[in-house]
Amino acid sequence: MAAVGPPQQQVRMAHQQVWAALEVALRVPCLYIIDAIFNSYPDSSQSRFCIVLQIFLRLFGVFASSIVLILSQRSLFKFYTYSSAFLLAATSVLVNYYASLHIDFYGAYNTSAFGIELLPRKGPSLWMALIVLQLTFGIGYVTLLQIHSIYSQLIILDLLVPVIGLITELPLHIRETLLFTSSLILTLNTVFVLAVKLKWFYYSTRYVYLLVRHMYRIYGLQLLMEDTWKRIRFPDILRVFWLTRVTAQATVLMYILRMANETDSFFISWDDFWDLICNLIISGCDSTLTVLGMSAVISSVAHYLGLGILAFIGSTEEDDRRLGFVAPVLFFILALQTGLSGLRPEERLIRLSRNMCLLLTAVLHFIHGMTDPVLMSLSASHVSSFRRHFPVLFVSACLFILPVLLSYVLWHHYALNTWLFAVTAFCVELCLKVIVSLTVYTLFMIDGYYNVLWEKLDDYVYYVRSTGSIIEFIFGVVMFGNGAYTMMFESGSKIRAFMMCLHAYFNIYLQAKNGWKTFMNRRTAVKKINSLPEIKGSRLQEINDVCAICYHEFTTSARITPCNHYFHALCLRKWLYIQDTCPMCHQKVYIEDDIKDNSNVSNNNGFIPPNETPEEAVREAAAESDRELNEDDSTDCDDDVQRERNGVIQHTGAAAEEFNDDTD
């Protein structure tokens, strides 16, 4: 089979996109029906039977709309094909009824609200229009139901019979009889088609039920819902639903404003425009479905914002592409937590603006999480290109300036309350995070500017990051207290209590636990490093070697492990954060009281101390190699001692490359 060329692939992709867009458009009416049912309430003045019947019909409408919403693409197209055919049949019957019984053919003139003429004045012209209309309905009906036999012609003729009776000016009772007979024949044919398709509907329903049950048993409810969510493109459906709803409302409101102002101008004043925007925003979150639709729109905006920032700063991390998921989830949780859709219109607008401020600060925090790794990688890799550093520094500056401006504007227009306190705390925390990142970035850039090893760099970076983590922990505790006060004295809810529990676990407990663990690991590593003997002065010059971890020379001092390997104290301490073994021979790093300084064993470079013959050094090195083999199977050696040393150094170099990526 020949390979598909690029033009054919483009045509195929365009074809698939068109079908996907059509599928999304066909699922949107189901959301309109569900939203209309949820926004309507039964009339309490009616009898109990009528109320129960209305509730049953609403539940049935929600259930049927939900089933149509999750249909497969093929089943969805078939459903709309049959529905369109039945709609054409009903429209044809209504047109025949209205034309036969309610139109004066000798004075027909119908206008719409805009003054546009719909039907011609003269009778023959109206007859021809009715014939063309019924032919269109009949051809569409038989085409959609795929009726190809002689019955298709009879059905079209059946639709034209009432028009023929109208043209021949038959008496009224005969026209009524013809209309009733035509409608009955069309109804019987529709019922017959439904009966024929009922078998297909039964087997399709049974197949879908068995498939869903099978997937539920194998994969569980969560994966089943995720698969359905992706298959029907539910976020796209929500976006189209919300945007079309807002567009329709905007069109109606614009028409009302034009009629109220009695002007033909397309433009409106700024006051009317602001009122229009406020009304659209208020009506755009008046139910749970509309809040979901707004969340889907926010998801799309946040997704492309995140992609733009990633492209601007030059990041390729896949985990940083989750802004389009985090932002809508947070917005929806805030809406549920504050009861946004159930508030009065004025309160809803105020609450929505406050939620958007909180969402903005959260998005800025997420963007900082995107820029911080890029900032650290640029500073640690010693890249001097201005084009690489400027975008990240520019975004960091914006992340510092925007929270300051937001806090200034809010404090200038609002009095202090729990919401303003929370937004201000988030802004101050973000500014401190940016300061910490820029400080660490500056330290690494200073270290890269000098060629000498800066042994205190790790300590300074740890102090800066620890200070930032402690301040962040304090802010987490303060925000927990602010949320507790809000829940007890302002607006308590189960969702707020649940979110406070999550905040206490992730932002307080886990952060404190991880910080304490890091502190203890560092403290233990420092104790172990301080317990190791140190080489300085002339003896350090006699070694004339480099550290096996960082490959830098020993300039000031070196630490000797119990297995008589030597490293920089800083490098060995970083290694001990990861594992408690020697990087060279993988023995435990510990100090015993009876261990003394022994330089009669080979070190990193096979250094032979003075007053010792090479033959003795080789014999002792071979004996030491045998002992290492007996103690640890992870080292490889041959009869040649030098080959063993080379293998160990290569192994250590690979570990050191992985270790050097850690900046803690």
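Positions of Cβ are set from backbone N, Cα and C atoms, glycine also.
Among the features that Swiss-Prot reports, compositional bias 'Acidic residues' is placed at 629-639.
Marked as N-acetylalanine by Swiss-Prot: Ala2.
The phosphoserine annotation in Swiss-Prot covers Ser634.
Residues or ranges marked as phosphothreonine in Swiss-Prot: Thr635 (among others).
What Swiss-Prot records for Thr663 (among others) is phosphothreonine, and it gives a large-scale study or a structure entry as the kind of evidence.
As annotated by Swiss-Prot, region 'Disordered' applies to 601-664.
Beyond the ends of the transmembrane segment (51-71), by six or more residues, the same chain brings 27, 30-31, 33-34, 37-38, 40, 42-44, 79, 228, 232, 237 to within a C-beta distance below 8 angstroms of the stretch. Taken from Swiss-Prot, the feature transmembrane segment covers 51-71 (among others).
With a cut-off of 8 Å between Cβ atoms, the residues of this chain six or more beyond the transmembrane segment (85-105) that come close are 123, 126-127, 130, 133-134, 137-138, 140-141, 144-145, 159, 162-163, 165-166, 172, 175-176, 178-179, 182-183, 186-187, 190. Under the heading transmembrane segment, Swiss-Prot lists 85-105 (among others), citing sequence analysis as support.
What Swiss-Prot records for 125-145 (among others) is transmembrane segment.
Feature annotation from Swiss-Prot assigns transmembrane segment to 154-174 (among others).
Positions annotated as transmembrane segment by Swiss-Prot, on the basis of sequence analysis: 178-198 (among others).
As annotated by Swiss-Prot, transmembrane segment applies to 293-313 (among others).
Annotated transmembrane segment per Swiss-Prot: 323-343 (among others), in sequence order, evidence recorded as sequence analysis. Residues 285-288, 290-292, 294-296, 298-306, 351-352, 355, 358-359, 362-363, 366-367, 370, 491, 493, 495-496, 499 of the same chain, all 6+ positions outside the transmembrane segment (323-343), place their C-beta atoms under 8 angstroms from a C-beta of that stretch.
For 356-376 (among others), the entry in Swiss-Prot reads transmembrane segment, with the evidence type sequence analysis.
The transmembrane segment annotation in Swiss-Prot covers 390-410 (among others) and is backed by sequence analysis. Counting residues 6+ beyond its ends, the transmembrane segment (390-410) has Cβ neighbours under 8 Å at 309, 312-314, 357, 360-361, 364, 367-368, 371, 374-375, 378, 420, 423-424, 426-428, 430-431, 434-435, 437-438 in the same chain.
For 420-440 (among others), the entry in Swiss-Prot reads transmembrane segment.
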**Complete:** Counting only residues at least 6 beyond its ends, the same-chain positions whose CB falls under 8 A of a CB in the transmembrane segment (154-174) are 92, 96, 99-101, 105, 127, 130-131, 134-135, 137-139, 141-142, 147, 181-182, 185-186, 189
